[in-house]
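> This is the structure I have questions about; it appears just below.
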């Protein structure tokens, strides 16, 4: 009950001169956001709010590699599980490697004055970023995956 009483004076405060000067940006932004949805398409504004709730859920579920890490783990060691903390570390590791490879491939494309990153740039960036034997295995697996993809 008390919050409702506080909300009513808050609605009156923008009408007053002094609080309006202090809280005009905050009070101004909230009605604008509320006006944008109903003003856009009347009843569909309510559906727009539902879409926003859907978008919020979409924002919460950030794309991760967790499913794929788990699938690979089960292929290699079917009887072993993984903790959520270890999964988070693995996900961060893959994101880090991905960023390094993407940055290196972008540099290579820029050096060669090419607008497109091709499999050649990716392969070269793998050789530059990953050390020794790991790079060789990654290149062979990548080549195998690309040929499988193109033949399918």
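Placed from the backbone N, Cα and C atoms, the Cβ positions cover glycine too.
Dumping what Swiss-Prot says about this protein:
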- 1-16: compositional bias 'Basic and acidic residues' (COMPBIAS)
- 1-59: region 'Disordered' (REGION)
- 7: N6-acetyllysine (MOD_RES)
- 34-52: compositional bias 'Basic and acidic residues' (COMPBIAS)
- 35: N6-acetyllysine (MOD_RES)
- 148: ubiquitin cross-link (CROSSLNK)
> When a 10 Å sphere is centred on the Cβ of residue 148 (ubiquitin cross-link), how many other Cβ atoms does it contain?
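9, counting other Cβ atoms within 10 Å of residue 148 (ubiquitin cross-link).
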> Taking DSSP as the reference, which of helix, strand or coil describes residue 148 (ubiquitin cross-link)?
helix
